[in-house]
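As annotated by TrEMBL, domain 'Sodium/calcium exchanger membrane region' applies to 113-269, 303-445. Marked as transmembrane segment by TrEMBL: 101-124, 145-166, 178-201, 213-236, 248-267, 304-325, 331-348, 369-394, 400-421, 428-449.
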Amino acid sequence: METRVEGKPTRLASGFSDNLSDTCKMGTPNGRGMHKYDDEIPFDSEINYHQSESSLVEVLGSHSGESLTVHHETLAGIVYRSIRVVIFSNKLNLLMPFGPLAILVQKLTAHLGWVFALSLLGIMPMAERLGYATEQLAFYSGDTVGGLLTATFGNATELIISIYALKSGMTRVVQLSLLGSILSNMLLVLGCAFLCGGIVNHKKEQVFNKATASVNSGLLLMAVMGILFPAVLHYTHTEVHVGKSELFLSRFSSCVMLVAYAAYLFFQLKSQRSLYVSVNEEEGQSGNDSNDDESPDISKWESIIWLSVMTAWISILSEYLVGAIEGASTAWDIPIAFISVILLPLVGNAAEHASAIMFAMKDKLDISLGVAIGSSTQISMFVIPFCVVIGWIMGNSMDLNFQLFETAALFLTVIVVAFMLQEGTANYFKGLMLILCYLIVAASFYVHIDSSE
């Protein structure tokens, strides 16, 4: 290399390639030049090869479209890589075409049984991919926020369906389906997560943050209180104004519950965030993290985009599935309460079910709890009160009187789960007990006739 060229653009343009070659030869693979030749490099020693290549395009500048071409190729590469990683990396995604096929069958025929089966098969891979995208986002947001995001995206379907049902005046269907979502998340989803996680990690005891579990249990008991008092007021005939006091109490309690949930979010994510660090994050901070070799496959914004796409598609398929279930109930002679409380939430909670099990098998119980218990807390403290307020705005008289049988089922479920979580440990036996409790609840609703009918 000849003497350095300082401030001479003509010489730089003609000899740029040679200087760039010399720079790369003298540098280490990360673009850092050797100390011996630092004074001969016409660029900063921290610059890397890709930055130099970009500078080459800018300096030569005669082909103004070249930088645009490089940018488009990079964007196309990112999109291709993201689709390849998310869509084509799992054999379960072979079931994705069943979703559009269910819509086609609904449009061409009236065979609701086929629509139900195809919709269910189409939702399964989307639910699994929703859990995958949430796991990727948890690398950037942490386990606590990751669980909250999964619960939020998972409950979007229930919220959309509930608002649509309220517009149609189907108040009882909204009450039963939301109640069923709470029962399904707390017993079936959490039970399957504990069972699968305990079997896969049988050589060690799985642990989770007891502070988060205890606060969620307290919020669930508060939700039971809000739902219990209107029912007791109704069945004891102790209303001051018959027909009005029950509705007033429900709307007032709903507003209080919404305020409590907002305060909970602030308390968990801002005010006392250090108390809700997951066990995995604490181990990582102390240098004992066993998952140090794990790294995200896609970026944060890719995860957010995929979460939005998966949620939207699951919501679309859920509408067809709900319509198919309601039509099939008449042909199969299944009680409306069983359809609303058991079958409908099983479909709506498909995303939470897959996510909670996947995280538990990877020994990330804090995210599983955030998905299962966090989802139940969100439904009881946000979705149900929100539907009461939305119904109030619409002129619909939805209240918190879920009837005595349904309220008793909710109360006992919260008590059982609270006892299961008080130790801060999980194993496959606890999971089996929760699943068996759910079978008892399902059998009870199969023989139960809704008193409002």
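Cβ coordinates are placed from backbone N, Cα and C, and glycine is handled just like the others.
As the structure is a computational prediction, the values presented were derived from the model and not from experiment.
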Going along the chain, which residues at least six beyond the ends of the transmembrane segment (331-348) come within the CB cut-off of under 8 Å?
112-113, 119-120, 123, 157-158, 161, 172-173, 176-177, 179-181, 183-185, 188, 318, 321-322, 325, 406, 442, 445-446, 448-450, 453
Please work out whether the transmembrane segment (369-394) lies in contact with the transmembrane segment (304-325), by counting C-beta pairs under 8 angstroms that are 6 or more apart in sequence and asking whether there are at least 3.
no
What stretch of 101-124, 213-236, 248-267, 400-421, 428-449 shows the most Cβ pairs under 8 Å to the transmembrane segment (304-325)?
101-124
Suppose I define contact as three or more CB-CB distances under 8 A, residues 6 or more apart in sequence; do the transmembrane segment (400-421) and the transmembrane segment (101-124) meet it?
no
What is the three-state DSSP composition of the domain 'Sodium/calcium exchanger membrane region' (303-445), stated as helix, strand and coil residue counts?
121 helix, 2 strand, 20 coil
Could you give the residue numbers and ranges of same-chain residues that sit at least 6 residues beyond the transmembrane segment (213-236) on either side and whose C-beta is under 8 angstroms from one of its C-beta atoms?
186, 245-246, 249-250, 253-254, 256-257, 260-261, 264, 267-268, 369, 373-374, 376-377, 380-381, 384-385, 399-404, 407, 410-411, 414, 417-418, 421-422, 424
Residues sitting near the transmembrane segment (428-449): Cβ under 8 Å, six or more positions beyond its termini, same chain?
183-184, 186-188, 190-199, 202, 335, 337-338, 341-342, 405, 409, 413, 416-417, 420
